[in-house]
Amino acid sequence: MKSLLFLVLISVCWAEPHPGNSSLEHERIVHIQENGPRLLVVAEQAKIFSHRGGNVTLPCKFYHEHTSAAGSGTHKIRVKWTKLTYDYLKEVDVFVAMGHHRKSYGSYQGRVSLRESSENDASLVITNIMLEDYGRYKCEVIEGLEDDTAVVTLNLEGVVFPYSPRLGRYNLNFHEAQRACAEQDSVMASFDQLYDAWRSGLDWCNAGWLSDGSVQYPITKPREPCGGKNTVPGVRNYGFWDKDKSRYDVFCFTSNFNGRFYYLIHPTKLTYDEAVQACLKDGSQIAKVGQIFAAWKLLGYDRCDAGWLADGSVRYPISRPRKRCSPSEAAVRFVGFPDKKHKLYGVYCFRAYN
């Protein structure tokens, strides 16, 4: 809450007598002036871009409106960083500083600090960025009865992909969708991330959960089964549904990874269990769906060989469309969920770097 103190100065001006208007003889003029400088909090950039595993600084500085001084010296400065949620009614505590006291919260513990490049610098440094760090952050500075805030958005470089489990289309409630994304090295996508993916060409007719609890899907090529062929391209919105009872697919988001994604060269094709063991023998683990999408989108990985992934699906990434290998578009091609015990394919592995 901001509090401004006003000093009202009432001065009496004695006007010279004016012929025909003696009422101006005792005219009064009222001056209003702020008592002291007003606290201002400013973010030099509204959006900051980074990637998983990186380090980033969210900018925030505070000033007084009528002076270059950082603080008045009469009150200790309190800096508080929070992460805003989608309903805008709740905030997640990230970091608080007052004097020499510092405290970080939750998954941010050990990863956040103030930059403090100057006495008025309240910028937040986040190290080893996680997928969950994506979102909007509020910087609040409090001095005595004055306070002000600024908001900074942290965007992550990454890829959005649609996901449905072996059970098939529309089999996930909201909570199961969250777990499904986590199991595939990703998180549920936000609307902004899905919108950016749509602008980049993502076209998918199945509706999926987003992290705010809404159900939506992106259409770049309108057609009859997907809202009608006479509709305009866009992100179709089903609205908000019961998170426990309603069932849809999900849109997941993943970023780059600290490791090596590769197709395992093996003398024979493999069943699913043999594929898992082959990756382990090679010092790796069978790759996840999020990892094949990240390798395809962010690293340009291209291979025409279909291979097992950790969820039991078989896919292959094509960055250079060509005959017999996704001739019409660059994409991660989905073969399906074959019989794990009898069908034979190659395998994609992932080896994490320490």
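Cβ atoms are placed via backbone N, Cα and C, with glycine included.
TrEMBL: automatically predicted annotations, no manual curation.
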Candidate cysteine (Cys205, Cys252) that TrEMBL pairs with Cys226 in a disulfide: Cys205
Spatial neighbours of Cys325 (disulfide bond) that are distant in sequence (at least 6 apart) but have CB under 8 A: Cys304, Tyr316, Ile318
Average model confidence [pLDDT] within the domain 'Ig-like' (37-153): 91
Which listed residue (Cys205, Cys226, Cys304) has most other Cβ within 10 Å, given these are disulfide-bonded residues: Cys226
